[in-house]
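**Q** Pasting the feature list from TrEMBL:
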BINDING   A:Glu188, A:Arg234, A:His461, A:Arg502  L-aspartate binding site
BINDING   A:Arg234, A:Asp235, A:Glu236, A:Gln243, A:Glu495, A:Gly547, A:Leu548, A:Asp549, A:Arg550  ATP binding site
DOMAIN    A:155-581  domain 'Aminoacyl-transfer RNA synthetases class-II family profile'
REGION    A:212-215  region 'Aspartate'
2 protein chains.
Amino acid sequence: MKSVAREGLREVTEMRTHDAGMLRREHAGSEVRLAGFVQRRRDLGGVIFIDLRDRSGIAQLVFRQDISAPSLELADRLRSEYVVCVTGRVVVREAHAINPKIATGEIEVEVTALEILNAAKTPPFLLEDGIDVDEMVRLRYRYLDLRRPEMQRTFRLRHQVMQLVRQFLDARQFIEVETPMLTRSTPEGARDYLVPSRVHPGEFYALPQSPQLFKQLLMVGGFERYFQIVRCFRDEDLRADRQPEFTQIDIETSFLTQAELMSMMESMVAHMVQETLGVTVSLPFQRIPYQEAMARFGSDKPDLRFGMELCDVAPVVKNASFKVFADVLAKGGEVKALVAPGCGSFSRKEIDDLGKFAARYRAKGLAWMVVEETGVRSAIAKFFTEEELSAIVAHTGAKVGDLILFIADQKKVVADALGALRSHLGKQLGLIDESVLAFAWITDFPLVSYDEEASRFVAEHHPFTMPRVEDVPLLDTDPGRVRAQAYDMVLNGYEIGGGSMRIYQRDVQEKMFQTLGFTMEDARSQFGFLLDAFEYGTPPHGGIAFGLDRIIMILAGQSSLRDVIAFPKTASGTDVMVMAPSPVEKKQLETLHLELALETEAAQK
Amino acid sequence: MKSVAREGLREVTEMRTHDAGMLRREHAGSEVRLAGFVQRRRDLGGVIFIDLRDRSGIAQLVFRQDISAPSLELADRLRSEYVVCVTGRVVVREAHAINPKIATGEIEVEVTALEILNAAKTPPFLLEDGIDVDEMVRLRYRYLDLRRPEMQRTFRLRHQVMQLVRQFLDARQFIEVETPMLTRSTPEGARDYLVPSRVHPGEFYALPQSPQLFKQLLMVGGFERYFQIVRCFRDEDLRADRQPEFTQIDIETSFLTQAELMSMMESMVAHMVQETLGVTVSLPFQRIPYQEAMARFGSDKPDLRFGMELCDVAPVVKNASFKVFADVLAKGGEVKALVAPGCGSFSRKEIDDLGKFAARYRAKGLAWMVVEETGVRSAIAKFFTEEELSAIVAHTGAKVGDLILFIADQKKVVADALGALRSHLGKQLGLIDESVLAFAWITDFPLVSYDEEASRFVAEHHPFTMPRVEDVPLLDTDPGRVRAQAYDMVLNGYEIGGGSMRIYQRDVQEKMFQTLGFTMEDARSQFGFLLDAFEYGTPPHGGIAFGLDRIIMILAGQSSLRDVIAFPKTASGTDVMVMAPSPVEKKQLETLHLELALETEAAQK
């Protein structure tokens, strides 16, 4: 190792012969060169011990008066996070000094030469797992946060998942094709991020919300099996679990049936889980039609790690004298119940809190009954006969000590509120086995839904989704009842992927646009190229897109997408490390043929 | 196969049991189901032959009166590019019908059932290789252009290269980390594409020109070995070989020396070439310092497939009485020559054309001499003695019949003009063996160069490039002479990758910013986070970025980047298929706090 004229500035020669974390008893006697960060320093009676950390793990360095003499003074200056390069000899530790907790615990490295490659200030927080630090501080010093072992593990997992997906698809003749990032703004769905053009004054590119049209055009182009792990963008109001840019595993196939595609995709996900977590998932995943999922779980992304299914109590309450239930049913609404096991002991306040929780989902009221040895206790018990109460208890399957919760409302409110209550209670009551990965497919989504505000039908998935063949006649009479050839993959209460078979014929696509209230002129101006493409021999095709960030979040056991994205944005879309977005020079805007239109002059630069 | 209620709209059942191009003699007797495009149809005395094309190749379908009866009428309606699904039996062709030119030439499929999945209009151009079609038409119908075999091959090659690179790096403990696309505008280098923020009025994200800062921060974050195949953006005036968005194989490492990194990278490229083209490249690549490359080839990306090196003739002309040469040398310029073998027979017009060519590179004149049996023929011969002429011929190594070309000018003009002449003549004279892949590293680039317009030094690579240690003192006295720890990989006259070791200490980085004329305030406001990061223990690090598009272009034998990008932009940055960029609604701009500032009202929407 060459010495340096100027500390830390060196024409570098080889800095490392071994990874620190890989040293074992069999290396004893070897001369090694290691490089990495100082994890900690201890000084025991003139002997200095350093835990040296590199990406592979930790090795203990020891500086002794005799052999390390030339470096001892330098070693005394080492502090946490200093970057060093050392030469030394691997020795087996004395029996009492062996540390079985670390992989290199049987050895240490007696240092003969030390070079400080870089010094370090004291980090603003401890670089270890389980820290309780304001997330803004972690994000501002992201380059330090990333040194923490759990972050290193998360991004290695993310890397591994990406490679596994690619290998799986490559082995099945999929090819990865890159689609444009600078593309065209489309009116449907979420807001686009726009990119002004310098060369074409007054015109804009849009960043893709997904490569949907391009992947369909690749099928028209005869590629048959396409994938891409691709960045997508949505300028939405951000919630805790959204990011303005996110990564999609994007897939499209030709000449495969929906069943063939779903089967291949669940194998891919099972393979990913097997190889990363060592968990074997049984195949095929259960298929649950959308209507069934909504009926049983009040959700199209049910958490299947626990039961507590919704129960339609209309048959046992419709003839009772409780007017609230009867009225709702008479108006075409629903009355459904949820049995909270063992919650008969809930206080009035606890039950009221559940009512407030349900109100967030627009439920006007939450009725309840407690099943006791002696009968049913409830504020509404008086509106029912003993026989009716027994029938309700029997119908819901509630047992003594259970709490039955009722919501009577429009179908959607009942599903949303009871579905949310189910998830809430599932967590609160500890019904969820965190070690389980509960996968399922939700199928047969509605093709369109009526948007009251826009006074028209809007696509539930996107306007290129194929209806189920037997439902096509309904497009003319009752579009809301048409089922789509669309499917979501769900895992533990999250949607992790969604896809559909696509319309591949121009006349069907035109009919779909009509259903959505597009004039043919609108359709042509937005999607003319796709309608054109459909005239030149488009194969039957369909695909899916998985949310990579969400998948990694679940597999890594994290609760925030920000913990699985290397440089994430905050909830206001800000990168607090580089400080983006930021004001730009006026002349940059001039070049782009733009002026700011700010409400206050003061905000202008 | 289920029959359809409505032609082409079907609840799809399995469409394919075999890939058409994979059928062989051993499949004879099997019942198969195939799906794909009609390549062509021939009708021979009531027997219809169809070439069915799918991604794997072509198989011949035959419809005979007897066995194909129910489908015969439908088969008669087939035209090129129709999409079909057929059931039939593989049979061995009669001996006279065997076609050795195609992989499936020994068999054909006797069709028993045919379904037309989709019809097709006649494509606007032939979907085959070697077509001579206006590129605008190809781009407008890109989804058809992509069906051509050479396009399919190119994108399969591109896919293969991407997977090979990832596997190579994965095996060497690199991990793939995704860096942000919505980031901060920086003032150096090419123009950024800006993305207005809706949430932060008057502020903008920028699309990355490269993930440079983020990859360095990943090294600060302890990842040690990072890679990403990543989209980058430059809003430059586009030339034939530029695209506004392009793909980079982006790599960064810690604790490796420049030599170690270069060695690993050339192995990666050699592996890529071996696996895709079956070409063995010998390692290590030759290393040519920048100054030497400029001196010998007049280029920092020399085409090494042929010789024809530049020759410095100053030693043999400096004392001659030819004033033009002497004056240039006296003023510190250069006089260099290029020998064009066998070009002594060039006409005056041919030589004049070379002079015009050189003038494009700002050369004020191109002198020449022809070596003949009897001596030197030249308009400037009279300014030299016989001895001087002989010395010139001997010094340049020219032989009888050769043409010697001279440029006397400032160093940079001489290099540019003679370098360009060398490439031009190399191609014109057929000196280039197209089957050769000539790799090299160019090293020791200048760290900075003086920008007359800006009256300051600017970074040649980028401001984070490490100077060579022995040249550091020159930063204070003669920055233009400082060599950088920077290296480019060149192939056949193209730069395919470029990288450097990075400055990793805050004080060196600050010194570099000073050299570039940044005030510390500028530096802090632009790169404060990086300067901060350098204080918390930054390892020595360095990396490289390869231009994937360029590499694929060379490996695929294409001459335009547009032929290796699935959906490229034209020279004006337009996607002529989807028509992007495009005007957007006024309310979209309002949401983004922007107004158009167009020169003419008429241009406004």
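Any Cβ shown, glycine's included, is placed from N, Cα and C.
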**Q** Sort out for me which one of A:Arg234, A:His461, A:Arg502, A:Arg550 has the most neighbouring CB atoms within 10 A, since those are the binding-site residues we care about.
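**A** Max Cβ neighbours within 10 Å, all protein chains included: A:Arg502.
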**Q** Have a look at the binding-site residues A:Arg234, A:His461, A:Arg502 and say which one has the shortest Cα distance to A:Arg550 (ATP binding site).
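**A** The smallest Cα gap between A:Arg550 (ATP binding site) and any of the binding-site residues is with A:Arg234.
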**Q** Under DSSP, is A:Glu236 (ATP binding site) part of a helix or a strand, or is it coil?
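**A** The three-state answer is coil.
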**Q** Could you tell me the C-alpha distance between A:His461 (L-aspartate binding site) and A:Glu495 (ATP binding site) in angstrom, no decimals?
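**A** A:His461 (L-aspartate binding site) and A:Glu495 (ATP binding site) have their Cα atoms 13 Å apart.
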**Q** Between A:Glu236 (ATP binding site) and A:Arg502 (L-aspartate binding site), find the distance joining the two CA atoms and give it rounded to the nearest Å.
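**A** Approximately 26 Å lies between the Cα of A:Glu236 (ATP binding site) and that of A:Arg502 (L-aspartate binding site).
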**Q** Over the region 'Aspartate' (A:212-215), what is the model's average pLDDT?
**A** 95
**Q** Over all shown protein chains, what is the count of other CB atoms within 10 A of the CB belonging to A:Leu548 (ATP binding site)?
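**A** Result for A:Leu548 (ATP binding site): 25 other Cβ atoms within 10 Å.
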**Q** Could you break down the residues of the region 'Aspartate' (A:212-215) into DSSP helix, strand and coil, giving a count for each?
**A** 4 helix, 0 strand, 0 coil
**Q** Taking only the Cα atoms, work out how far A:Arg234 (L-aspartate binding site) lies from A:Leu548 (ATP binding site), in Å, as a whole number.
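**A** The separation of the Cα atoms works out to 15 Å.
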**Q** Specify the count of other C-beta atoms within 10 Å of the C-beta of A:Glu495 (ATP binding site).
**A** 16
**Q** The record lists A:Arg234, A:Asp235, A:Glu236, A:Gln243, A:Glu495, A:Gly547, A:Leu548, A:Asp549, A:Arg550 as binding ATP. What's the largest Cα to Cα distance among them, in Å, rounded to a whole number?
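**A** About 20 Å separates the two most distant Cα atoms.
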